[in-house]
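Single-structure report; data block below.
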Amino acid sequence: MYKVVVIIALLGAVKGLDRICLGHHAVANGTIVKTLTNEQEEVTNATETVESTNLNKLCMKGRSYKDLGNCHPVGMLIGTPVCDPHLTGTWDTLIERENAIAHCYPGATINEEALRQKIMESGGISKMSTGFTYGSSITSAGTTKACMRNGGDSFYAELKWLVSKTKGQNFPQTTNTYRNTDTAEHLIIWGIHHPSSTQEKNDLYGTQSLSISVESSTYQNNFVPVVGARPQVNGQSGRIDFHWTLVQPGDNITFSDNGGLIAPSRVSKLTGRDLGIQSEALIDNSCESKCFWRGGSINTKLPFQNLSPRTVGQCPKYVNQRSLLLATGMRNVPEVVQGRGLFGAIAGFIENGWEGMVDGWYGFRHQNAQGTGQAADYKSTQAAIDQITGKLNRLIEKTNTEFESIESEFSETEHQIGNVINWTKDSITDIWTYNAELLVAMENQHTIDMADSEMLNLYERVRKQLRQNAEEDGKGCFEIYHTCDDSCMESIRNNTYDHSQYREEALLNRLNINPVKLSSGYKDIILWFSFGESCFVLLAVVMGLVFFCLKNGNMRCTICI
């Protein structure tokens, strides 16, 4: 009976130990993210990094934009009638519409895509006269019904159609030179007329063979008009092909011809560098945006988007992914409901997380004579948040650069070049998608490792405070060997705990409690001692009975040698 009472009393002493546990925030249903080491890591919080939402409008608030409407960018240089309002000007955003008109008289512009992109990337156009003069037998006022202006026949505003003043008269040999006296390069564009018939050619330029030469220090070419009927376009069977080049500062360009030249009247100076947009989206002057694409505007602070690989402005990088989740919380270990055993339902971070701890990432739960309690640790929480705050912004800084990729429409002669460019863009997209996945996975790994590290730092801080006044249970908790009321628990949490104040009480309780703690190591020892003691007592009883019987003559022992 004595032994039973002692064991019950000692177990009561063990049960009476005060206890403090460290834990971290957890949620019932976390978010799955990718890390370097795990394809499906559950975290408490995550944010999307890929923008999938488009504004179906061009947000132009605060921008000095020029909407070309039906005018093609090339038409701004040659003076197509529909482009009359756009021959000069400055802008920070140039908007090109589909089905815009480049030529009124049928024809084509050689290297049109390269020319178009130069215009779309510019921030303005100014014009300077070439100063060309012509003899009295030449008229520079050729017109056509294909280029109507104000209800009458007209021509390109920036070009002169040179023809013989007298029908059928041979066009005289003519030479004109333009010198660029500016400090910037000038863009000069001219045309070659290909008559639809010999009769048309003879009426305009005479019966002689036609030849045009254009020469500068960087450009030389000779052209021969090709006579022949073509399918009618805008009522015309003839064609005008346009050519262009850049005249460097201090350089001259010379035109020599005897008919068939569409001569430049003014040269263009492209200034600045700004945005060019191809889009059919409507303009909205009430919203702002820094990124545009064919479908409208992309207004986002996210580092990636999956709307289009062809965007202009300060845009997120295009990735071929629907979603890339960036971890903004710690590893999630949902709380396991504890049965109320010897130490109640309190458990530490090594077993599981704590749900319901909404005021911090890390915290404490304690149990003492006054009951149980929970409190967040703001210092470690803030340390973790400081490292995660701005993580999305840092990701944006690593990926967002002003990037312009104007969608191209290639002619037949440029088709192979177009294929190469499109293949290159697809390859870049694949590379960026891989880079984005790797970058997000690295950031997620860092976030989780950092959060785990802060948890361990907090645990180490408490362990160093308690020293020998408590014992670790291996599950994230400390069993305290002295009475620790709520004030004492608060001192442990805020790092003001005085170890020496409780040393004597803790030492005494440790000596009283440790001998009877039935941990796995001591349990076997106690069992062996108990077995040995029982055997000894049994042997003593048997021997006593033998001696008693021998003494009374009830038993005789004969020893034979």
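Using N, Cα and C of the backbone, Cβ positions are placed for all residues, glycine too.
According to Swiss-Prot, the protein has these features:
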- C59-C287: disulfide bond (DISULFID)
- C71-C83: disulfide bond (DISULFID)
- C104-C147: disulfide bond (DISULFID)
- C291-C315: disulfide bond (DISULFID)
- C484-C488: disulfide bond (DISULFID)
- C557: S-palmitoyl cysteine (LIPID)
- C560: S-palmitoyl cysteine (LIPID)
- 1-16: signal peptide (SIGNAL)
- 525-545: transmembrane segment (TRANSMEM)
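Annotated features taken from Swiss-Prot, shown on the structure.
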residue: C59; record: disulfide bond; Cβ within 10 Å: 22
residue: C71; record: disulfide bond; Cβ within 10 Å: 23
residue: C83; record: disulfide bond; Cβ within 10 Å: 26
residue: C104; record: disulfide bond; Cβ within 10 Å: 26
residue: C147; record: disulfide bond; Cβ within 10 Å: 21
residue: C287; record: disulfide bond; Cβ within 10 Å: 14
residue: C291; record: disulfide bond; Cβ within 10 Å: 23
residue: C315; record: disulfide bond; Cβ within 10 Å: 26
residue: C484; record: disulfide bond; Cβ within 10 Å: 29
residue: C488; record: disulfide bond; Cβ within 10 Å: 20
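When the disulfide-bonded residues C71, C104, C147, C291, C315 are screened for a Cα within 10 A of the Cα of C59 (disulfide bond), the ones that qualify are C291. Reduced to three states, the DSSP call for C104 (disulfide bond) is coil. According to its DSSP assignment, C59 (disulfide bond) is in a strand.
Look at C83 (disulfide bond): DSSP puts it in a helix. DSSP assigns C488 (disulfide bond) to a helix. The CA atom of C147 (disulfide bond) is located 12 Å away from the CA atom of C83 (disulfide bond).
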